[in-house]
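The GTP binding site annotation in Swiss-Prot covers 405-412, 455-459, 509-512, and the record cites similarity to another entry as its basis. Swiss-Prot lists 89-112, 175-187 with the feature compositional bias 'Low complexity'. What Swiss-Prot records for 113-129 is compositional bias 'Pro residues'. Residues or ranges marked as compositional bias 'Gly residues' in Swiss-Prot: 215-271. For 275-284, the entry in Swiss-Prot reads compositional bias 'Basic residues'. Sequence annotations record features per position, and here Swiss-Prot assigns domain 'tr-type G' to 396-567. Annotated region 'Disordered' per Swiss-Prot: 30-77, 89-291, in sequence order. According to Swiss-Prot, the feature region 'G1' maps to 405-412. The feature region 'G2' is assigned by Swiss-Prot to 430-434, with similarity to another entry given as support. Taken from Swiss-Prot, the feature region 'G3' applies to 455-458, supported by similarity to another entry. As annotated by Swiss-Prot, region 'G4' applies to 509-512.
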Amino acid sequence: MAAGKARVHELAKELGVTSKEVLARLSEQGEFVKSASSTVEAPVARRLRESFGGSKPAPAKGTAKSPGKGPDKSLDKALDAAIDMAAGNGKATAAPAKAADSGGAAIVSPTTPAAPEPPTAVPPSPQAPHPGMAPGARPGPVPKPGIRTPRVGNNPFSSAQPADRPIPRPPAPRPGTARPGVPRPGASPGSMPPRPGGAVGGARPPRPGAPRPGGRPGAPGAGRSDAGGGNYRGGGVGAAPGTGFRGRPGGGGGGRPGQRGGAAGAFGRPGGAPRRGRKSKRQKRQEYDSMQAPVVGGVRLPHGNGETIRLARGASLSDFADKIDANPAALVQALFNLGEMVTATQSVGDETLELLGSEMNYNVQVVSPEDEDRELLESFDLSYGEDEGGEEDLQVRPPVVTVMGHVDHGKTRLLDTIRKANVREAEAGGITQHIGAYQVAVDLDGSQRLITFIDTPGHEAFTAMRARGAKATDIAILVVAADDGVMPQTVEAINHAQAADVPIVVAVNKIDKEGADPAKIRGQLTEYGLVPEEFGGDTMFVDISAKQGTNIEALEEAVLLTADAALDLRANPDMEAQGVAIEAHLDRGRGPVATVLVQRGTLRVGDSVVAGDAYGRVRRMVDEHGEDVEVALPSRPVQVIGFTSVPGAGDNFLVVDEDRIARQIADRRSARKRNALAARSRKRISLEDLDSALKETSQLNLILKGDNAGTVEALEEALMGIQVDDEVVLRVIDRGVGGITETNVNLASASDAVIIGFNVRAEGKATELASREGVEIRYYSVIYQAIDEIEQALRGLLKPIYEENQLGRAEIRALFRSSKVGLIAGCLVTSGVMRRNAKARLLRDNIVVAENLSIASLRREKDDVTEVRDGFECGLTLGYADIKEGDVIESYELVQKERA
């Protein structure tokens, strides 16, 4: 290459080294070059050539080069080449040049001879040719650096070399290069290049058979320098005798860089025919792994050794691929070929993960939510469910009693009688919609004892809530109506209590009604393992009348006696509080409010608490009477204010040291919950079902909003359990606690969904947006009405119904009392019209307080009017006493309409 500016890769090609080595040498010289395509100045290029040429010391006369890093590397490569050839990678008759093409080098002794040895030729063995060169071979002349493209037949590294081609004559030397047979200055006398076609000293006999092509044009001496990363050969090692080629120009001794030998593409550099040398260890390993890998769906996947892979429920293929160090795209393609359409980030069901793992010889273990949550807490050095300390730290706590039974058998009436309060009338339809927890004081043998009661719904839709109540309780009171007998939910309550290993006290209610037969109830319950004490069993039966208050004290005494006899109710009050969230709802003024039951430890105001995927700091605690509580001891139910979001009903709560820890635990639980929900609710589409999936199907999308988390969960479980035809699909795309917002309406509009509001109403702008977007919002206050209508809608068996037409809204500004008409509400009509005798409902913070009211009287100033329009004040009566300033009255009328 002519002197002057040159690019780095051109210099590397000229010097016979890689661009990376040239860049490293330039960096050592203080020249910082950016890339291999950068240009260097002429002085820099000259110094670089001198550096590569001068770095190779001239071999002493008759003395091999000192062993160093280069000989070790070349020796390893030569050994690898010999092993490959012995294993069948090369032919037994391959020339030493062939071995050199496979990446091998001449094997030299690692020791330096003390005295020069006479040049002798060693005849090669026809069985196992040695890849080394004759030690007496003379080096060839060093031509001027430049680029020379040899003929096809002149490439000693080409596998297509003809065996019977005559040995070509060596090319004539170019001007400026040493002539053949003339030693370079500083070179050893025995390093003359071999004569074409001749042997050294005539000591090498001709090889039988066809003549071989010449050896690789090797460099006299060391070949490439150590810095160049080339193969190392001792001094005096050149081309094999009889090859007709001179050794590789350049290299050691003279210090001038040699040119590339062989055709373009030799030594792994670009150009020429593709290299067909020895595979690297990495390539061999990859080929071996691919041969061993199992084929699943036409795709080669990693092969396991029976290892156990732990995956969370709802994990994706990306999560699985990370565990086994595989490509997620390969897993996706394998499932696609097997008829399963799943993306890499999509949650996958347990069966699919286990099947895919078994095909690859992996034991996939889907971690249960309980185990996963326990591992999560252990990562923060936390534990749940055990009392800290020893026996001396445990103190007696009140029993937690759950009232269970069939719907309308009198559970809430019994609790009313015990609490001396009337909470039954607040439930729509007289049916308990959510769980309530209360603590009452009972006199027993002159001492005051505390009992905590949990009221659970009896309707069939609340199975999950009854199961949670059984898990959080110590004793179960089974209420059975004496005139009705054992019903399906009665049997279910028995199963929940027995599954939780909870003692049962049976309260035979309504003994004051006609047709009551307590003896019949005892006989029926005997079939389910509840044998009365009078029959020789261990279950206490108490005949009561919740309405008349008969034998209530006897029932309380039976509860305490059962607790003292069968249970060891003790807890450590000196540890961080732990317990369970009984219910939770969103209050407009106070934010998320959760009713929690402290099971162990002491809960205090200011504690950092986490419950499920909600966290926060306890800002305020309120008991069942609305009074503030500073400290909550074990078995104490309180309302906790301070959560950042609404906890789920039945979620475990515990106190942690810092808000940061609570937030991290809640975030991880939230992500796990989303994945599990996506894996459970998403229906997979297989290739066999693709044709039917592309057809138009009847799908009902729902958005559920309720006043508390337990009710929303129960409603969703009941709706998803409706059995309909396969052509009709029910899908819940969102659920939440609180009023219906604009976000819910926008989601419903985008997904063609119907919004179900349970004991909640839509906000003002949300109603307008729903009307504008054509989104249907349906309101319910009794759960079985919602279930029945949704089921009828899915089955297409709906009869003509009455559609609600909203008339207007009015805000209560003042209250007046009258001896004639009772409580009068002074209102300002904010929208629409208020009409006399119209239906109305009372809202407080968008929560339905009263339903099915009627505007009995309506006055404007002192005149009786039939309606009052938007922007005017009026006075009206509803026939309902529990109204407050700030409440909203919503008037509506029912219009009969045919369903589509």
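Cβ coordinates come from backbone N, Cα and C, glycine included.
Long-range Cβ proximity for Ile511 (GTP binding site), meaning a same-chain Cβ under 8 A and a gap of 6 or more residues, is found for Ala482, Pro518, Asp543, Ile544, Ser545, Thr550. DSSP gives Gly405 (GTP binding site) a strand state. Taken together, the residues of the region 'G2' (430-434) have an average pLDDT of 47. Considering only the binding-site residues Gly405, Asp408, Lys411, the Cβ with the fewest other Cβ atoms within 10 Å is that of Asp408.
For the region 'G4' (509-512), the DSSP-based tally of helix, strand and coil residues reads 0 helix, 1 strand, 3 coil.
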